[in-house]
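The next block holds one structure in the form of structure tokens; read it before the comments.
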Amino acid sequence: METDEIRVPSRNARRNLLLISWCCAISGSFVGYATSSINGAILFIALDMQLQSVGIGLLTSCFEVGAGTGSILSGIIADKFGRKRTLLLADLFYIITISATALAPNFTLLVMSRTLLGFASGAINVIAPVLLAEFCTPEIRTRKLTVCQLMNTSGEAIVFIVAAVLGNLWFENDAIWRWIYWLAVIPAILLLILHAKVVPESPRWLAKMGRAEESLKILQKIRRTNAEIGIEMREIELVLNAGQNNSNEPNNAKVSPPSYLYGRLGTPWVRRVLLLGIGIAMMQQGTGISIGMKFGTFMLGEAGLSQRIALLLNILIGMVAVVAMSVGLWLVPRVSLRWLMMVAQVGIIGVHLAIAAVSALLAQDLTRGWITLGLLLVFMTFVQGSCSPVASLLMNEIFPLDMRGFGKGVAILAVYGTACVLDQMFPELEQQFKAGDWKALKKRRNLHKTFDATEQPKREGAESN
């Protein structure tokens, strides 16, 4: 469609785009909340259901199994049936599964519900950033995507605060973990309503499916000038034509997803981009960030701090992660990504070695606990200040339009797959390298009823694994 045929854009285009962008970006906070909810909840779940280290690992890693599956399937579904429709289904499934997690009466159903919650979270984690990227113009796309990543980290910090408040007020109540999940239900319902009422379908996806008129109507609401609309329509047309030529598939928007994707994967440069996305994802999770965000409370407890203090200090870890992410997102467009990643990797390796040395050389007391906390904060600064924002940005931008949902889904699958392996291994490995076991959780909680945390810096087992 030519530019001179385009009607006058909305006077509220800037406001509309800002509102839509925030509705997409805030989805990340719900993903972060669900992902790291286990950090504060696992202490009480282990007590409530008498879990050992293997059960702890399974309960933690099952979320990643579901999230990885949700990420890849939602990407394919979104490419075929639309971004908005897929996002709304994921929102609804999130509400159902987080409620089921809060209600789970036994370990088996809890694992099943957390796996399905992971599926919903993985789907949201793929579709919301893709929608956001396709609404934004190139000059603001990077900035908006960084906000989405920041929301994810903010959701993790929020669940740390919720767990600390509930855990300190009702520490003797083993079932308090259920409220960590219940408190997310009403906000999730509001998010579903916002997505349904405010967020339109992706104009790029509509154009890809041959629905140019609908695409144009949406662009008129979020672009300020006819020139911007015309440029975007031509850009979409060029991208789609390039995708058809590179895949040797005429009319590729009409081809069924499996056969079309097989054809695209036969193109060498597409395979290289897909492998690059997988490598970026594995690099980011290989830092151990998943362990830090899900086992921070136990790591502090193992180092010599009481559970109540560990829950409170976990808030500090979440806050540092948010600040570091903010700084990292500010740095990304201003410095060399290669330099940023190299400095971060050196720092991360140094912190890992320091934590191992402290655990091996120092007794389990307050000194070791505070040193471990300091090292965890440095670790969060390096990872969230460099690796995470760089990885998130690259995974959102490197894939071609006609397979962006699938490509982002594969990258997120690699993220969750790597995290799943690490989360399953960590409790068992930690148990092998320290005295005590998960049964001591009950003994430790009983001790806490008698002694103040500051008077009993060293406890038996409990939070360590």
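Quick reminder: no glycine exception, Cβ is built from N, Cα and C everywhere.
The following features are taken from TrEMBL:
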TRANSMEM  17-47  transmembrane segment
DOMAIN    20-465  domain 'Major facilitator superfamily (MFS) profile'
TRANSMEM  53-74  transmembrane segment
TRANSMEM  86-104  transmembrane segment
TRANSMEM  116-135  transmembrane segment
TRANSMEM  147-167  transmembrane segment
TRANSMEM  179-199  transmembrane segment
TRANSMEM  273-291  transmembrane segment
TRANSMEM  311-332  transmembrane segment
TRANSMEM  339-363  transmembrane segment
TRANSMEM  369-394  transmembrane segment
Query - Dominant neighbour of the transmembrane segment (369-394) in 273-291, 311-332, 339-363, by Cβ pairs under 8 Å - result: 311-332
Requested in this report: Output the single range from 17-47, 179-199, 311-332 maximising the number of Cβ pairs under 8 Å to the transmembrane segment (147-167).
Outcome: 17-47
Query raised in the report: Are there three or more C-beta pairs under 8 angstroms joining the transmembrane segment (86-104) and the transmembrane segment (311-332), sequence spacing 6 or more?
Result: no
Query - Cβ contacts under 8 Å made by the transmembrane segment (53-74) with residues that lie 6+ beyond its boundaries - result: 34-35, 38, 42, 45-46, 86, 90, 107, 110-111, 114-123, 125-127, 290, 294-295, 405-406, 408-410, 412-413, 415-417, 419-421, 423-428, 430-431, 437-438, 465
**Report entry** Positions whose Cβ lies under 8 angstroms from the transmembrane segment (86-104), at least six residues beyond its ends
**Finding:** 27, 30, 34, 70, 74, 77-78, 110, 112-114, 116-117, 119-121, 123-124, 127-128, 131, 178-179, 181-182, 184-185, 188-189, 191-192, 195-196, 199
**Report entry** Across the domain 'Major facilitator superfamily (MFS) profile' (20-465), average pLDDT on the 0 to 100 scale
**Finding:** 80
